[in-house]
Protein chains: 2
Amino acid sequence: MTDNIFRFPAKSEWLTLLQRPALERKDLRNLVQDIFTEVKLNGDSAVKSFSEKFDNVSIDEFLVSNQEIEKASDEVPEDLKNAIQLAKENIFKFHKSQHQEINKIETQPGISCWRESRAIENVGLYIPGGTAPLFSTILMLAIPAKIAGCKNIILCTPPQKDGSVNPAILFTANLCGIEKIYKVGGSQAIAAMTFGTESISKVDKIFGPGNQYVTAAKVLAQDFGVAIDMPAGPSEVLVIADSSAIAEFCAADLLSQAEHGIDSQVIFIATDETVFNKTLKEIEVQLEQLPRNEIARKAVENSRFILLNSVEDAIKLSNLYAPEHLILSIQNPENYTEKITNAGSVFLGNYSPEAAGDYATGTNHTLPTNGFARNYSGVSLDSFVKRITFQNLTQKGLQNIGKSVELMAEAEGLFAHKNAVSLRLKSF
Amino acid sequence: MTDNIFRFPAKSEWLTLLQRPALERKDLRNLVQDIFTEVKLNGDSAVKSFSEKFDNVSIDEFLVSNQEIEKASDEVPEDLKNAIQLAKENIFKFHKSQHQEINKIETQPGISCWRESRAIENVGLYIPGGTAPLFSTILMLAIPAKIAGCKNIILCTPPQKDGSVNPAILFTANLCGIEKIYKVGGSQAIAAMTFGTESISKVDKIFGPGNQYVTAAKVLAQDFGVAIDMPAGPSEVLVIADSSAIAEFCAADLLSQAEHGIDSQVIFIATDETVFNKTLKEIEVQLEQLPRNEIARKAVENSRFILLNSVEDAIKLSNLYAPEHLILSIQNPENYTEKITNAGSVFLGNYSPEAAGDYATGTNHTLPTNGFARNYSGVSLDSFVKRITFQNLTQKGLQNIGKSVELMAEAEGLFAHKNAVSLRLKSF
């Protein structure tokens, strides 16, 4: 791990040492394009045969039945149900508060302009299967979709080898009011939601994480008029610690990101040498006790441990990196929030671990990775609506700007634009 | 034009008759990819040679000089300057009003969650050259970028054959406070802003309209971590008219969209047969008088003229089509706004022509085309910021959700996540 330790690096080195590990991305575009062509042409039967081919499972009825949902609900332990319910309430509260009131502006006498939000009508949520059933992501996507008022919310998730879906996924989807859950995974699920099939309806926007195939399919879906939540990449956290930080907590926070996958990246910046050294040691101790320690160890090897002189410098470096998650284990963290310019979600103080926000503080955990915090927001209520602009002009309003519009239209060579105004002005 | 006239079509026919003309889009991906590779490798010299090849113009210094800007300002007529200034003020007022205050929510006692907006630091605006100098688009992009507080705002626009840039473009860019204007167009401009060159800096997000090459380049830019404003397509308007509509105005509004290009589409829906017939005739009359009448005539041939029984039906049909611009030339249009679910920008009543919003009401004219009003908003202040989420938990706050987080993390198989909470709970 010593390769990854940098004590007081010069600013000229910052950019280099913050380079993310290059993603070994195969170019899956052609493969995924073939799957899209096939699903567009043959619908359900193509989806079925891809599921057999890639997931080794034969599904005759994609739609999860009511009986399956009831059975799942019986299988989820009561305390987990209560935990999910509590998370749901917090996520609901925070996302509900993101609703925007209409704000009419009179830009000139007689000219009124405003925006109104409308739900995106048809949305598709993708929830990966595999070892960790990400039922928490259902909360993060379905709750704002419901608040927005999306009419048709469908969910696709790959079935397990026996053709069933993890009960916690079914329980959570049902709790959030999703009526259509399909046992379909991979790029064929994204293709089905892009074109629609006999059983799966076409959507306007696709949300949710996935492997390289799912990610490539989401990118391709955009070519067919479907919007997506955001580009995907490996999860990451940056922790800034001063002398008030608790090494044990810092190590635990770093490892909770590292366990996501071997390509996860964690960055630790300390301004106090004692905390720095203690955290490095504590990581070794805690790694030993983790069931997923092989994954976490590899991710730690991809990571950076940096000692700097000041919290100001640490935040500058963090802004350069643009982390998905940023933890401020420092004194008076609220004094520094203004300086943070690039980050997905920020956790303040010693008692705000990332894990809390991953599940239950109320904030969304679908966040921009891979430096996309420079130019993208995480998922929020905004992601499920579009804003329509409205304008209402009285005769007086049109008179106030009419001459200007005529001049500008003429200067742009657009005479019919000019005429649309001239005819009206003449009629007054 | 009679092929395009539909009197009381059955609802079952609506979807078919609303089909947009298929875009003859060449697959430019490979061509554009080659340009990207070359610009990434050879920077300015590659940009220069592509400008020579595609635009037939040799530029040694891409950056527009202060002298050029001063000269341009002298060349723009005073009345046009005043018109641009008036438009700027209205656009500023409306976009300034889109700023969102911070709204802290206590989701549980001891858990505070909120979002803060931060400007996207580096943005690139692309303004096409060609016959119509779209200086109005500079207002639509530069004004919200400035309000958002974007640090580096650069503008690329193709030079004219003599190496100069249209004076109205330079005047407007300078008026909006853009300091870096580059004489570079086409996909090489997009490549330069994606990777950065010796003279043009890399940006985080690219905005603005363009031809097929520019559009293909913007799509490709996303593969390299650059965000874009929205997918592009031909401009379109849908006009709904009842007996209170004025045929002359309806025809003028339809033609003002049609003159944009031969692939523009206009849809006219009337609920009154007299207005319907009069508008059809009036289109012929006005077409004769337009300088761009060949373009407008072709666009009219792509278009649809539909007679329906009620305004309710007309709005249903409009929602299906999801027009970029929607004009409601009807009585009490404000009674119908709630029913509009898919549209870019809406114009209410007889004195709100689209041309007014294109230039000077204050709303943005960069809007979703080609049905993207189903899943995208037009450009607004939101387009130039991202929202960072924050959360601050006290010990009490973490105690309130800690157990739930532990249970959920464990159920997802993420033990390091659980541990980050458990360690803290134990320390209390």
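The backbone N, Cα and C atoms fix where each Cβ goes, and this holds for glycine too.
Per TrEMBL, NAD(+) binding site is recorded for B:Tyr126, B:Gln188, B:Asn211. Summarising the environment of B:Gln188 (NAD(+) binding site), the number of other Cβ atoms within 10 Å of its Cβ, over all protein chains shown, is 30. In this structure, B:Gln188 (NAD(+) binding site) is part of a helix by DSSP.
Within the same chain, the residues at least 6 positions away from B:Gln257 (substrate binding site) whose Cβ sits under 8 Å from its Cβ are B:Ser235, B:Glu236, B:Val237, B:Ser264, B:Gln265, B:Val266, B:Ala299, B:His325, B:Glu354, listed in sequence order. Taken from TrEMBL, the feature substrate binding site applies to B:Ser235, B:Gln257, B:His260, B:His325, B:Asp358, B:Glu412, B:His417.
The secondary structure of B:Asp358 (substrate binding site), as reduced to three states from DSSP, is helical. Sequence-distant neighbours of B:Asp358 (substrate binding site) (same chain, 6+ residues apart, CB-CB distance under 8 A): B:Ser136, B:His365. As annotated by TrEMBL, Zn(2+) binding site applies to B:Gln257, B:His260, B:Asp358, B:His417.
Listed in sequence order, B:Ser235, B:Glu236, B:Val237, B:Ala343, B:Gly344, B:Ser345, B:Leu367, B:Pro368, B:Thr369, B:Ala373 are the same-chain residues at least 6 apart in sequence whose CB falls under 8 Å from the CB of B:Glu324 (active site, proton acceptor). The active site, proton acceptor annotation in TrEMBL covers B:Glu324 (among others).
Feature annotation from TrEMBL assigns active site, proton acceptor to B:His325 (among others).
Geometry remark: B:Tyr126 (NAD(+) binding site) versus B:His417 (substrate binding site), CA distance 44 Å. Recorded residues B:Glu412 (substrate binding site) and B:Asn211 (NAD(+) binding site) have their alpha carbons 48 Å apart, per Cα-Cα distance. The two recorded residues B:Asn211 (NAD(+) binding site) and B:His260 (substrate binding site) have their Cα atoms spaced 13 Å from each other.
Look at the Cβ of each of the binding-site residues B:His260, B:His325, B:His417 and count the other Cβ atoms within 10 Å; the largest number goes with B:His417. Filtering the recorded positions B:Asn211, B:Glu324, B:Glu412, B:His417 for a Cβ under 8 angstroms from any Cβ of chain A leaves B:Glu412, B:His417, in order along the sequence.
Annotation note: B:Tyr126 (NAD(+) binding site) sits in a strand segment as assigned by DSSP. A Cα-Cα distance of 46 Å separates B:Gln188 (NAD(+) binding site) from B:His417 (substrate binding site).
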